[in-house]
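Structure first, commentary second.
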């Protein structure tokens, strides 16, 4: 008699999934309240309806990259000139979000959500994207936390401090940022393929919260979103269709959902009118995502050795191409009747050095005054301690909730493609290479262990800083650039970079301490970051390239047969 072979299948609970949906993330009873059959069914409907459109949009990105790598540069599309020249406007801004003078941002962590909603900011952008390491645990706990925040029941007991956190009576308006179109969600398979990450983030949050949000936060509108990483208006068109599909499912009025788009890629600056046009029933403006914008400038011109950036600390809003982008965004938004949001203040209060703290806060004040005087309607802060300074700067608006009607910036009509592409001025130094390396490795080490928002050298860093550091190192190595700011004639090479990596790893170990260095993932992060910087071809996104390292499929012992 032949023995029957069998595979051990552990007796584990599984999520109640509809046909064609397989959840491969760890089972948790709390997560199961989010991952209901109905909610997963809604996500699956979105995936099936829009996956072809998303694939096409991503192929268009690859085609654009091939053009840029062959010598082309981005520019205004002649075929959509009628949209840019037209006199249309977006739907009226809901009163509940007319005043957005200061917005705070951060990951969808429980304590962060409470502190941010209580911070005194007008808006809190809860982030599933660059400020979050997208592990299964982080994503699902984030959905649970947001559901509790929307229904007002969220609390957090900090056992170390024996302190209970809960919401104040007055809280900021909640916006949610899902991931970009390019990121998959490997823990949820739909028809055998990983789901699109942003459709999971959006779908689960919308399904569980739209009714309560409209009642408590949106005054009949909402939910509200931030949309990242777009490169073309066709991507905005997909989002508009997703919103319409969600509104139809929920039985709410068209135009209830509202979103602000981050203009944080170089190609998108030439598509601002077109992006607003596609989202005109659902738009509440554009935002200057300036760190990612710098990353995108390097990435777009990766094959253009005549367009190398100086040290990244020198690429600020004083550079002509950055100033042009900001002013054109203001003009475009105000012409179309929506908010033009300013950029991030990433500084963290420096408690142990009053003089350094005063200098840092003075930089924030000057930056925010520049924004409000230029015509921005609001700005971003990464830390609650910066909100009073930002509020004070934006008191320049007086009693007006925004500057949409008062600051038209018609002078920006003269801005050309050349203005938006002008090569930034400044020097390149060994310290610039060192800083990129030191920050990139430390950020990646934190990301691999579950943290996507990381305090480094008195700044709150997210994935954008690691991306700038990576692509700039790659470009400097690729073209053997001269470190002209040091006056020694040294050129960047793989050998020089290798020595820099060794020395910076020693410095990191000294700064964080041997124990933390040993327990952390610094060595793994170092290998990954070094590989990225020295690769023959530049990966589009660091977070996509290393994503598999944080994917954890369950049940671990289940058969693959």
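Including glycine, each Cβ sits where the backbone N, Cα and C put it.
According to TrEMBL, the domain 'Malate synthase N-terminal' annotation covers 19-81.
Computed over the domain 'Malate synthase TIM barrel' (173-423), the whole-number mean pLDDT of the model equals 97. The feature domain 'Malate synthase TIM barrel' is assigned by TrEMBL to 173-423.
Annotated active site, proton acceptor per TrEMBL: 177, in sequence order. Cβ-based neighbour count (10 Å, all protein chains) for residue 177 (active site, proton acceptor) stands at 25.
The feature domain 'Malate synthase C-terminal' is assigned by TrEMBL to 428-550.
With a cut-off of 8 Å between CB atoms and residues at least 6 apart in sequence, the same chain places 127, 130, 131, 291, 452, 453, 454 near residue 462 (active site, proton donor), listed in sequence order. Look at TrEMBL and you will find 462 tagged as active site, proton donor.
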